[in-house]
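These come from Swiss-Prot:
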- 21-43: transmembrane segment (TRANSMEM)
- 47-64: transmembrane segment (TRANSMEM)
- 76-98: transmembrane segment (TRANSMEM)
- 118-140: transmembrane segment (TRANSMEM)
- 209-231: transmembrane segment (TRANSMEM)
- 251-273: transmembrane segment (TRANSMEM)
- 285-307: transmembrane segment (TRANSMEM)
- 311-333: transmembrane segment (TRANSMEM)
Amino acid sequence: MANILSIFKTFEIKRLVKFQTLSGPVLILIILSMMVLPLAPFILDLFFTFNIALSIVVLLMSMFTTKTLEFTSFPTILLFSTLLRLALNIASTRIILLNGHIGSCSAGNVIQAFGHFLVGGNFTIGIIVFIILIIINFMVITKGASRIAEVGARFTLDGMPGKQMAIDADLNAGLIGEKQAKKRRIEINQEADFYGSMDGASKFVRGDAIAGILIMIVNIIGGLVIGILQHNMTFSQAAQVYTILTIGDGLVAQIPALVVSTASGVIVTRVSTDQNVSEQIVSQLFCNPQVILLSGIVLGVLGLVPGMPNIIFLIFTTLLFFISWLIYRNPVIFTNFESTMKKIDNTNFCNISDASWNDVQLEGSISIELGNLLIPMIKVNSKKSNLLDKIRNVRKKCAKNIGFLPPLVHIRDNNNLPGNCYCILIKGIEISKGTVQCGKFLAINSGNASGPLPLPAEETSDPIFKFKSFWITSELINQAKQKGYNIAEDSTVISTHLNHIILTHISLLFGRQEAQQLLDYVSKFCPKLIEDLIPNSINLTIFHQVLQNLLIENVPIRDMQTILETLITHAPNYQNDSQILTSLVRISLGKLIIQNIFQNNKIEVIKFDSKLEQILLKTIANKDSVLEPGLYNYIVVKLQQEYNNCKLKNIPCVLLVHHNLRVFIAKMLLKNIPKIFVLSNLELEDVTKIYTTNIIGDQTKT
């Protein structure tokens, strides 16, 4: 049974394909036959009805398409419909002139109905109506559509190179696949062909309108001559019969022509969206209740003019007021729900494709994940200062202070996070997280505030320094400021946290790509230095390692000229040793390092006892030996105590060591007390006054 159904289905498909293939040639043969062979009135009625139906179908099709490329056959249909009308004019002219003397029914019921019913049997009115239709079709609709098609064809052709380049750029960037690129190129070519064809096809309609006028004149004159000379009719009889038939013939041809012309205007004037013409008009015309309300007021004022049909104006005024109220109460009442659902369905079910490289999501250098309640903070059109603007400012500030532009910050939502939570990641690894009350303000007690805040303040802690804080509404801001709290917006909390994370992990964000970008930028100002350095002196890898070593210890790399000159000077001797080159660069940047740490204040440092320093120097001199665990713990504990003391005094904790010890001690402390600054004696060589606050190892017995 299944096999029989399958065979039957295959036969039906083949028959449908054969019908579609033969429909065009058959239609052309029928049109040519109508021009040559005499037709019976019934057959003529059949073809006139078909012509009217075709014009209605074409008009509705043009209105229900969402894109012009959905109806690319329209220029060809325009040609066939014009040819069909001309063939009908020839056939009807033949039958009117042959059998017109018999009566108005001799040319078929359709022509008789248009000649008698539509114009009341008055040929004078018929001629006037016919001329008006010709003017509307020829001078208004066709001329406008022709001009739009001409301009559209020109702009489409002019824009083709740019569109092709955009497709190539998207393809190279991996935003689209090869199949999508090929499909877009085909659509561009089809669009150009369509508008080019429409530019020429519009001339068919204009020619059809002109032909209609000439055919009407020929039919009237020919009918009068034949009626008077061949059928012995009086002038008034011949004029009445042949003119009515000619007017009916003209109207039955020109009304479908007007409909098809309107369809061509709809096609070329529409803007391609996900909505058809009707949906576009309704959704855009009734989107603003104020416009409808003002229209109703103006209409009501006009209705008060003496002599106006007040009842009719009142009805339409009331209708406009009602529509305005309806839109105001329910703004989405005229939106295109059907198209939206169709789009969702297509997204979920129709556009499912095989996995490709476009589905691979590479981790960005730095990213922020937001809970679903924090999504409103990234609205671009928000009147408040939004999160995106503040993140841009963070990158600008870091670029200005550090000396290189941090990577772009990728923001995405994460439904697995609590609604008020956000998470900061570097290369896909979670670094820190916090919570934010969207729309509220964070009152931070940095040590100067006097007492807690009243309800509805919600107690929390600052995400960076863990200070006691409160989430408050705008009504409590003045009260919080009076008590000594620092106030921060919701988006400022996240951006400040991000700024802190970037500064404390800046070395992780400085990769080889950023190093190359920095070189490209500096080459605009110091091209000779770049040319002498890379690849003549050192390679990009060593250059990147030197800068990364500086960033690990929070040394800015703004003074690139000094860095490059130092590397060029010492690279011949230490070409492959990034640690030594880093130490030499630090010596050259000594004044900058001191300025950043001490902020032009008194230089207070901690030192090692000379005996302890000698032990450490002997340890690092022997590359195979390691620091004794007891001594290691002693140094770490003592330095931790010194750091805590400096933190209480709000001064930087700086350890001054021998130049050869600096790298070793810095690496050791980086794992335990990363906030201690380790300087070498050569970096402070130009400093005259150094105050030693403590010496570690005074009581150490070696």
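Please read every residue number as a count from 1 along the shown chain.
Glycine is no exception: its Cβ is also placed from the backbone N, Cα and C atoms.
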Residue numbers, six or more beyond the limits of the transmembrane segment (76-98), whose CB comes under 8 Å of its CB atoms: 27-28, 31-32, 34-35, 38-39, 41, 44, 47-48, 51, 54-55, 58, 106-108, 111, 197, 201-202, 204-205, 207-208, 211-212, 215, 218-219, 222-223, 226, 242, 245-246, 249, 253, 256-257, 260, 264
Beyond the flanks of the transmembrane segment (251-273) by at least 6 residues, Cβ under 8 Å: 48, 51-52, 54-56, 58-59, 61-63, 65-69, 71, 74, 78, 81-82, 85, 88-89, 92, 110-111, 114-115, 118-119, 126, 129-130, 133-134, 136-137, 141-142, 144-145, 148-149, 152, 195, 198, 201-202, 205, 208-209, 212, 280
Non-local residues, at least 6 beyond the ends, that sit with Cβ under 8 Å of the transmembrane segment (209-231): 86, 89, 93, 96-97, 100-101, 130-131, 134, 137-138, 142, 237-239, 241-243, 245-247, 249-250, 253-254, 257
